[in-house]
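Report on one structure; see the data block that follows.
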């Protein structure tokens, strides 16, 4: 796998799985246990440089420095919310920027990672797609987001660790499938960060139903979420243009294949847009769509975070959201209204990045 696609000629070592690191070490004249030592320094001791790996020879450290960098991300902006949510803006070696979000949950620290610089999916309500995709984020750069968030707590002497990960940041994860899978295997490794598969969720808009089928055979018990947002093709196409090429019939054929293959539940994300997709009639359509597969389904109703560039959309009222929820519950649909995080900072995914890029352009003008 080609890990590096930036101006930095060396890839991040975080992009290697443990088996890949062992293979590299042996190819470079080192014993297998040396790679295991490096892995331990990276993920258990969480050092910030190869020079800190005190049980390695100077020759081996030189080899590591010649072949890899550690963390390729530079922290640009940090926004902290009153509820404990932290939003980070990171710069990559080629000066493009990505967002990462830490959310404090009752069950631990959850991090939302970004998989692409910009997004081409064209969802009309989303801040992430305002700036189009420039490139994929490499596996090492995705892992680095987790490592820098963990460093944030380590440096403050806080005995807390990242325990949950959601792949719901900027970009479409299944459009960066190879790097996504390497990232998942790195963070799920029991000898490393050891983030349990059932504590990891990957979200897709379903633009490539075939990838959902492929994901079913990865032999990982990672949670799958579908960005649905509408129960019929006409409405969904108006909100998500990818529906033209991946209509609901194709999407749900792939979802049914996934659930039959894995026997794992699928979460459906549904953003509540006032006057667009929040009527009781639409709720009944959604219930009718989910009901045949309700045993392995869960609907997540999401309050909309307004985006300046998308002024036509407003958040559903609490009353309309409650009525929508009630229709689903009366139909026996497993559902919840998502708890909000970070409402006093740039809450919408992609908003912080968009603002910073505008600031940078204004400085150059």
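A Cβ is built for glycine as well, from the same backbone N, Cα and C atoms used for every other residue.
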Given that Swiss-Prot annotates 171, 172, 227, 228, 229, 305 as binding S-adenosyl-L-methionine, state which candidate in 144, 203, 279, 316 belongs to that site as well.
203
Alpha-carbon spacing, residue 229 (S-adenosyl-L-methionine binding site) to residue 119 ([4Fe-4S] cluster binding site), which is rounded to whole Å:
17
Using the alpha carbons only, what distance in Å do you get between residue 99 (active site, proton acceptor) and residue 112 (disulfide bond) once rounded?
9
Would you identify which of the binding-site residues 203, 227, 305 has the most other C-beta atoms lying within 10 angstroms of its C-beta?
227
Measure from the Cβ of residue 126 ([4Fe-4S] cluster binding site) and count the other Cβ atoms within 10 Å, all protein chains considered.
25
Sparsest-packed among the recorded positions, when each Cβ's other Cβ atoms within 10 Å are tallied, from 112, 119, 123, 228:
123
About how far apart, in whole Å, are the alpha carbons (Cα) of residue 112 (disulfide bond) and residue 228 (S-adenosyl-L-methionine binding site)?
19
Write down the Cα-Cα distance for residue 227 (S-adenosyl-L-methionine binding site) and residue 126 ([4Fe-4S] cluster binding site), rounded and given in Å.
12
